[in-house]
Amino acid sequence: MSAFQPYANPRYFVMLLVALVPLIIGLLRGRRHRNYETFVSLVFIVLIFAGSKWHEGVALIGYVLWQLLLVLGYARYRHKANRTGAYWTVILASIAPLVVVKVTPVFTVHPSLLGFLGISYLTFKSVQTLIELRDGTLKQVDPLFFLRFLLFLPTISSGPIDRYRRFAKDYNTVPSREHYLDLLQSAVHKLFLGFAYKFVIGYFLGTLLLPKVAHIALVHRHLVGGLGLSWALVAYMYVYSLYLFFDFAGYSLFAVSLSQFMGIDTPQNFNQPFKAKNIKDFWNRWHMSLSFWFRDFIFMRVTFALMKHRVFKNRIHVAQTAYLINFLVMGFWHGVTWYYIVYGLFHAGAIIVNDMWLRYKKRHHLPHNRATTALAIVITFNVVCFSFLIFSGFLNTLWFK
């Protein structure tokens, strides 16, 4: 039995949609067949981590048991005490497997034995649950439900990142027939849009066009030397940026679509990001579940800590420091390589400059109209595309290999 990637080919969709038919019929009749849904999820998780990926399956089992132990243990402890040391201990223990997976490539060419498909997204869910237990917004955690939340099949590999309480509200409330029919209509639309994004546009950009412009840019660098600046490099920047959007947005559409087939309205991940008027607006549109997670659980908490301990008197300096920490962590989350870290710092700098510009604009009453809005969109798009050129790692290949 060979493993197969989620959303990678038509076989996966056909098998999963056929398996979901009884669940869909049940939801149309006002019932959620939880045991059947659990059975289907387990079967597909086994298929995903079968064959050559069996070691990832073993890592997944160990990881899930570890996170379950931490969450249940901390939930029990939280009813008795609320010490900061205990809180940070479980947080560090929760992210430890992910840190090992991310750091291992720095020291060896072999991947970490702890790694598996989706470890980042499961870690976000687990850490968020621990944080909400600490805050008191989450009073208790049901073991079986936490496993359902953590291993929710449509989002297990690449998100979107859901929240425990939001997921629980959807899962524990069977949608009315009218609402579920609306979900089905949305699910079908997103499924076909995802096919167009990933398998048509994404394929053209990533498989047919991107290798060609990359080759031209590398040949130019070899012939001319220097930094390898060329129109082919500019073309690579735009082609890669569009490919990244259509490929990842396609994945996210599949995840949201199949969630809706299962009666769960998983949060959207993209909202026309290339129409953003500034870099902050971009992060409210791009990979939104990740962006909002970092905003709520890193940026806001760093801001609060800096203000509480009066590290800076100026609130602007507080926000700027929080942006730097927030995006630096995001850069390291992507990987311990210079281009991911520079990517994070670049976006932190871009948001800081953007905030400075907005304050200047407000103070000097600069005009705001359709022309300035269009110009802002064009500038933001190009800034974002340049950041994706950094993110792609192509500059590392161009300059150092």
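Placed from the backbone N, Cα and C atoms, the Cβ positions cover glycine too.
Pulled from TrEMBL:
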TRANSMEM  12-28  transmembrane segment
TRANSMEM  35-52  transmembrane segment
TRANSMEM  58-75  transmembrane segment
TRANSMEM  87-107  transmembrane segment
TRANSMEM  191-211  transmembrane segment
TRANSMEM  223-246  transmembrane segment
TRANSMEM  340-360  transmembrane segment
TRANSMEM  372-395  transmembrane segment
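Panel annotation: around the transmembrane segment (35-52), residues 1-6, 15-16, 19-20, 22-23, 26, 60, 116-117, 148, 151-153, 156-157, 262 of the same chain, lying at least six beyond its termini, place a Cβ under 8 Å from a Cβ of the stretch. Contact between the transmembrane segment (191-211) and the transmembrane segment (87-107) is not supported: fewer than 3 Cβ pairs lie under 8 Å, counting only residues 6 or more apart in sequence.
Of the ranges 58-75, 223-246, 372-395, the one with the most Cβ pairs under 8 Å to the transmembrane segment (87-107) is 58-75.
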